[in-house]
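Q: This is the structure I want to talk about, given as structure tokens.
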Amino acid sequence: MKALEEAASPRVDGEVLVRRRLPSVMRNEWLWSAVVLVVVTVATWLRVSPEDQDVVWAEDGLIFLVEQLDLGTLGALFQPYAGYQHFLPRLFAAGIVEFVPLEYFNRAVFAACAVFAGLVAAGVFRLTRDILRWLPARFFMALVTVVVPLLSLEIIGNLADLHTYCLWLAAWIAVAKVRTKGEGVFWAAVMLIACLTEVQALLLIPVLLVRLFWDRSFQTLAVIVGAFIGVGAQLATWVGFPRPMPSDAVITAWDVVVAWLVNAVMPIWNGSSSSNTALLAEHGVGVAFLALLPFAVAALTVLVFGRGPQRFALIVLLFVSAGTFGGSLMLNPVELFQYGSYSGDEWLSVPVNLRYGAAAALFVLATIPFAASVLVTRFSANAPVVARSLAWAGMLATFVFVGLQGPEVGSAKTATDLWEPQVRSAREQCAITPNGAAEFEAAPGVRLFELDCADVMARAGG
């Protein structure tokens, strides 16, 4: 941990910048980015069992694989699905289909997604350098990318949910201070790709426009251009290929608040859905507000003791958490999402592990390293031992406890056959009926789709 520590230097605008005199190699920004990349990639890999790593998830098979084989790369890359663009999943699917034997498709998908999570975490680490002035807090902020318990249920290792990581990274791009024009162009390109993958990144447009009041640098303008192009493409897709509404159920603001608490906040502290529903049945929504308390204290710490850029960044992160979660419920209005109406034993049959909650939880958990950084940078001059002790204790206790909740989440892939045996069986079938089609399974549950035998025989290995 000493390698992560930094010592106090003179005050800047009433704040202490913390920098310990470490060897130059230990202060190397790119070295730490590489460490984050490796740590988060490996941690992401380990969060899912080897068996589940070979189970195809929903759209990965039914949409991205099938349409890549049917339409080819150019035809599939910008093909609308469910009302918006999915650029990165389609790009990854194209590369994997072209260069990896079909039976290893999902192993390659999982590996690519794990590395992508590591890259996103490294990007977050880089982007926080002028917002979080304490290096350990930046490291833990990057770990948020993999620590949130619900990520392993549906998001980790799936092309269909790469957009969650894109939103997490795009939010940091929107609030970060980029120092050079070259890096500004790079992050503008990343923002473009993120917006072409995650339609809800449109919430960052007003954030970027607000930044223009105090920052009209080339870097900021470049990021805005990238965001506008990506969001513009998403809106054009939405208008031209509207997403079907599942029902006309009315979702109220109170429904959204309660749903956010029980799907985003509570699962951070308890990965067991059955345990959470039992708590809600016995104690009501009050227990969910209790789960929010540590994050509320952390957020209040930043708002009271932080500086302008830190306050702005935190407000944006919480806005994205609430806005995207609420938007997800509003755009998928089903009676099941009327969380504000549940009471007593009704909670026992209510889902409290929505994937929308996992995405929103990233931004909630971010309040902890945020507050730790503010404590150290604001109070190290007068009470260095107390400030650092509180910061370290808060971060370590939170992240260790939250990390232990991961195994409690369970799996949504146990009912589905492994992908590699399915392909080998399909090859045997297609050898007999080469002009037919082979049926495959995807999770969650058992979702069926077909591939032409010609594609199976051409793409599968020997």
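Heads up, the Cβ atoms here are built off N, Cα and C, so glycines get one too.
Not my notes, these are from TrEMBL:
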type	residues	note
TRANSMEM	30-48	transmembrane segment
TRANSMEM	108-127	transmembrane segment
TRANSMEM	139-156	transmembrane segment
TRANSMEM	162-178	transmembrane segment
TRANSMEM	185-214	transmembrane segment
TRANSMEM	220-241	transmembrane segment
TRANSMEM	253-272	transmembrane segment
TRANSMEM	284-305	transmembrane segment
TRANSMEM	312-334	transmembrane segment
TRANSMEM	354-376	transmembrane segment
TRANSMEM	385-404	transmembrane segment
Q: Using a Cβ cut-off of under 8 Å, list the residues of the same chain at least 6 residues beyond the transmembrane segment (220-241) that approach it.
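A: Sequence-remote neighbours of the transmembrane segment (220-241) are 78, 80, 83-85, 170, 173-174, 178, 181, 184-185, 187-196, 199, 201-202, 204-205, 208-209, 211-212.
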Q: When you scan the chain for residues with a C-beta under 8 Å from the transmembrane segment (162-178), skipping those not six or more beyond its ends, what do you find?
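A: Cβ under 8 Å, 6 or more out: 86, 88-89, 92, 113, 116-117, 120, 123-124, 127-128, 130-131, 145, 151, 155, 184, 187, 190-191, 193-195, 197-201, 204, 207-208, 211, 215, 217, 219-220, 223, 227, 309, 312-313, 316-317, 320, 324, 355, 358-359, 362-363.
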Q: Is the number of Cβ-Cβ pairs under 8 Å between the transmembrane segment (312-334) and the transmembrane segment (139-156) three or more, considering only pairs separated by 6 or more positions?
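A: The transmembrane segment (139-156) and the transmembrane segment (312-334): touching, no.
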Q: Restricting to CB pairs under 8 Å, which listed stretch, 30-48, 108-127, 253-272, 385-404, is in contact most with the transmembrane segment (284-305)?
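A: Answer, by Cβ pair count: 253-272.
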Q: Using a Cβ cut-off of under 8 Å, list the residues of the same chain at least 6 residues beyond the transmembrane segment (385-404) that approach it.
A: 1, 5, 134, 136-137, 140, 143, 147-149, 268-269, 294, 298, 365, 368-369, 371-373, 375-376, 378-379
